[in-house]
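As written in TrEMBL, here are the features:
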TRANSMEM  12-30  transmembrane segment
TRANSMEM  97-120  transmembrane segment
TRANSMEM  127-146  transmembrane segment
TRANSMEM  152-171  transmembrane segment
TRANSMEM  183-206  transmembrane segment
TRANSMEM  218-243  transmembrane segment
TRANSMEM  264-286  transmembrane segment
TRANSMEM  306-326  transmembrane segment
TRANSMEM  333-354  transmembrane segment
TRANSMEM  360-379  transmembrane segment
TRANSMEM  386-408  transmembrane segment
């Protein structure tokens, strides 16, 4: 499939996006690591936004402590993927392992920006609008944090965007799914499910919608499921994980009986609106009150609220998305796919309540839907829509730049070298 046909200058813009964001993300991570101990392997506490970066460094990356049963259950193959990257870093004799990890994660994240750009080009057939949407995605609050944080989220984001990139022509009906796609689909199932188990639903949705014939839907999706289940059982057995214990640990986490500080205790709907749907692309206000009562260390968290600028951006973006979905839901299968992916995350975190008070970090699992759904709103071009997009982008960049400066000063002030 040649997704680049018909768009002048798109190759140059894609290269610009890749080089800029790879350099930009790596610079942020390098700055945080060289000027603070925020990513130091000794820190196994949740120092910012409830990320477990210290735990991941000493368990998944450096293998100094055992991985918990519940973590194996939620991220069954992630350890094996990460160890391949660690082998690469050791082969080239990287001196600073954390910098090597950041280098790889920022590379994958920059690739995801390019894939979002090319998909937007395919959807709205406008190079400049697609470039603006990709910049918006790349400068979103989620991407500014997950790209350099040694955790599962950058890998989850990359695999989900890759799924969209691979499945797009088959979901839309531009191409018929044959054996080549079916093999790629099995690999996507292993990658997406292996990085984060709950994301398997989105892979399942993409798989079913990519095949037009019922027989192929059943056979190839079924084969992928069987392979993933067999690998899952083998991994659990190899690491002495009792499935009931892993499931119980994950369910306990979903129950959220964690004695949160009052600032972060709100109804699930408010938490999901601000932390997941809003703060995924524009930072909300920060608080240095610890997420859980009784914790005795410096911590930076996101409040479930937004400033007036945040409200303007969030309402504008989702109003635009609602209109785009309303106009294209029946005629565009890819819009249905993206809408169901977004709805799944809202249900998981807003109704089921999985990680609701920490929902900001789960923006990595749904952020890809925002620029792609917005792109459908530009299938019919209007000058006022482009102007509105530019204004929204400017507000996002200003707000997120100021927030990242605050984040950096928090890191060097509280975790200085």
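Cβ coordinates come from backbone N, Cα and C, glycine included.
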**Asked** Hey, which bits of the same chain come close to the transmembrane segment (264-286), Cβ under 8 Å, at least six residues off its ends?
**Response** 136-137, 140-142, 300-307, 309-310, 313-314, 317-318, 345-346, 349-351, 353, 356-360, 362-363, 366-367, 370, 395-396, 399-400, 403, 406-407, 410
**Fill in**
Here the stretch out of 97-120, 127-146, 218-243, 306-326 with the most C-beta pairs under 8 Å to the transmembrane segment (386-408) is 127-146
**Prompt:** Are there three or more C-beta pairs under 8 angstroms joining the transmembrane segment (152-171) and the transmembrane segment (333-354), sequence spacing 6 or more?
**Reply:** yes
**Message:** Counting only residues 6 or more past its boundaries, what in the same chain has a CB within less than 8 Å of a CB in the transmembrane segment (306-326)?
**Reply:** 274, 277-279, 281-285, 335, 339, 370, 373-374, 376-377, 385, 388, 392, 395-396, 399
**Fill in**
Note: vs the transmembrane segment (152-171), the recorded stretch with the largest number of Cβ pairs under 8 Å from 97-120, 127-146, 183-206, 218-243, 360-379 is 183-206
**Message:** I'm a bit unsure how to read this: which one of 127-146, 183-206, 218-243 has the highest number of Cβ pairs shorter than 8 Å with the transmembrane segment (360-379)?
**Reply:** 127-146
**Message:** Is the transmembrane segment (97-120) in contact with the transmembrane segment (127-146), using at least 3 Cβ pairs under 8 Å (sequence separation of 6 or more) as the test?
**Reply:** yes
**Item:** Residue numbers, six or more beyond the limits of the transmembrane segment (183-206), whose CB comes under 8 Å of its CB atoms
**Value:** 73-78, 80-81, 152, 155-156, 159-160, 162-164, 166-167, 171, 177, 220-221, 223-225, 227-228, 231-232, 337, 340-341, 344, 348, 354, 365
